Amino acid sequence: MRRRTAILISGRGSNMDALIAAASTPEFPAEIALVASNRPEAAGLARAKSLGIAVAAVDHKIYAGREEFERSLQIVLAAHRIELLCLAGFMRLLTPWFVEQWRGRMLNIHPALLPSYRGLHTHRRALADGVKIHGCTVHFVVPEMDEGPIVAQAAVPVLDRDTEETLAARVLEQEHLIYPRALRLVAAGALRVEGNRVLGAASGAAAALAVPACD
Ligand code: GRF
């Protein structure tokens with residue numbers, strides 16, 4: 001059985017697109033059963049709809065607080081019998097209450113090599129620090145922001161001519177590769193979590209989850 005997966009977005013949804021494309025082949029172990037956004041106007045929502053995927057807008061602005069918003073979201077996810085969640089440019093902090101419902105079943109993609117550069121403006125900060133290697137991370141979501149067991153990472157070189165935009169684009173290309181790979185392994189039950197470490201349930205699986213920098 002393919003795992004019923006929802007993607008949560010707030011904006012353009014290019015990672016969403018990559019996940020949808022990967023899941024469009026019948027042997028992929030997850031099916032994208034829903035795309036939900038806290039912003040009704042998110043470009044990715046219209047795009048998902050045009051691809052024939054069920055969509056839901058749960059506008060956070062109409063709720064009194066985070067947990068009220070999340071309770072509505074939770075009802076929508078239950079109605080669609082969602083088993084796995086992928087955060088893809090979802091720009092809301094989640095409460096421990098929500099995160100606990102999805103522990104071990106919710107992934108996020110972050111545009112940096114965690115645990116470096118948690119939070120926003122990662123590319124700008126990486127350039128300002130002069131690091132030579134940057135990248136992206138897919139991790140299980142825990143209550144602390146941008147923490148949680150790391151499922152997959154990809155590294156890219158930082159080049160002399162880089163601007164925030166060119167570096168972001170190089171990282172984004174890798175995001176689109178590692179997120180579907182990570183979801184495939186999680187949905188297939190090919191991974192186990194030991195403390196902070198995500199390991200292959202069978203030998204070999206984890207090796208697919210580190211992508212070295214190349215020029
Ligand atoms: C990506 O860089 C992702 O890593 C970050 O937000 C951005 C979302 O882009 N969390 P998109 O909406 O997937 O195009």
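Every residue, even glycine, has its Cβ placed from backbone N, Cα and C.
According to TrEMBL, the features are:
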ACT_SITE  His110  active site, proton donor
BINDING   Gly13, Ser14, Asn15  N(1)-(5-phospho-beta-D-ribosyl)glycinamide binding site
BINDING   Arg66, Met91, Arg92, Leu93, Leu94, Asn108  (6R)-10-formyltetrahydrofolate binding site
DOMAIN    4-183  domain 'Formyl transferase N-terminal'
SITE      Asp146  site 'Raises pKa of active site His'
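Mapped onto this structure are the features recorded in TrEMBL.
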residue: Gly13; record: N(1)-(5-phospho-beta-D-ribosyl)glycinamide binding site; CB count, 10 Å: 23
residue: Ser14; record: N(1)-(5-phospho-beta-D-ribosyl)glycinamide binding site; CB count, 10 Å: 17
residue: Asn15; record: N(1)-(5-phospho-beta-D-ribosyl)glycinamide binding site; CB count, 10 Å: 26
residue: Arg66; record: (6R)-10-formyltetrahydrofolate binding site; CB count, 10 Å: 15
residue: Met91; record: (6R)-10-formyltetrahydrofolate binding site; CB count, 10 Å: 15
residue: Arg92; record: (6R)-10-formyltetrahydrofolate binding site; CB count, 10 Å: 17
residue: Leu93; record: (6R)-10-formyltetrahydrofolate binding site; CB count, 10 Å: 10
residue: Leu94; record: (6R)-10-formyltetrahydrofolate binding site; CB count, 10 Å: 25
residue: Asn108; record: (6R)-10-formyltetrahydrofolate binding site; CB count, 10 Å: 25
residue: Asp146; record: site 'Raises pKa of active site His'; CB count, 10 Å: 18
Cα-to-Cα gap, Asn108 ((6R)-10-formyltetrahydrofolate binding site) vs Gly13 (N(1)-(5-phospho-beta-D-ribosyl)glycinamide binding site), nearest whole Å: 13
Pairwise CA distance, Asp146 (site 'Raises pKa of active site His') versus the residue listed as 'active site, proton donor', rounded so that it is a whole Å: 7
Where Asn15 (N(1)-(5-phospho-beta-D-ribosyl)glycinamide binding site) falls in three-state DSSP terms: helix
Packing count at the residue listed as 'active site, proton donor' (other Cβ atoms within 10 Å of its Cβ): 24
Cβ-based neighbourhood (8 Å from the centroid) of the N(1)-(5-phospho-beta-D-ribosyl)glycinamide site, residues Gly13, Ser14, Asn15 excluded: Ile9, Gly11, Arg12, Met16, Asp17, Ala18, Leu19, Gly44, Ala88, Gly89, His176
Nearest of the binding-site residues (Gly13, Arg66, Met91, Leu94) to His110 (active site, proton donor), judged by Cα-Cα distance: Met91
For Arg66 ((6R)-10-formyltetrahydrofolate binding site), the three-state class that DSSP assigns: helix
Neighbourhood of ligand 1 - binding-site residues from Gly13, Ser14, Asn15, Met91, Leu93 with Cβ under 6 Å: Gly13, Ser14, Asn15
Using Cα positions only, nearest of the binding-site residues to Arg66 ((6R)-10-formyltetrahydrofolate binding site) (Gly13, Ser14, Asn15): Gly13
Mean of pLDDT values spanning the domain 'Formyl transferase N-terminal' (4-183): 98
Pairwise Cα distance for Leu94 ((6R)-10-formyltetrahydrofolate binding site)/Gly13 (N(1)-(5-phospho-beta-D-ribosyl)glycinamide binding site) [Å, integer]: 19
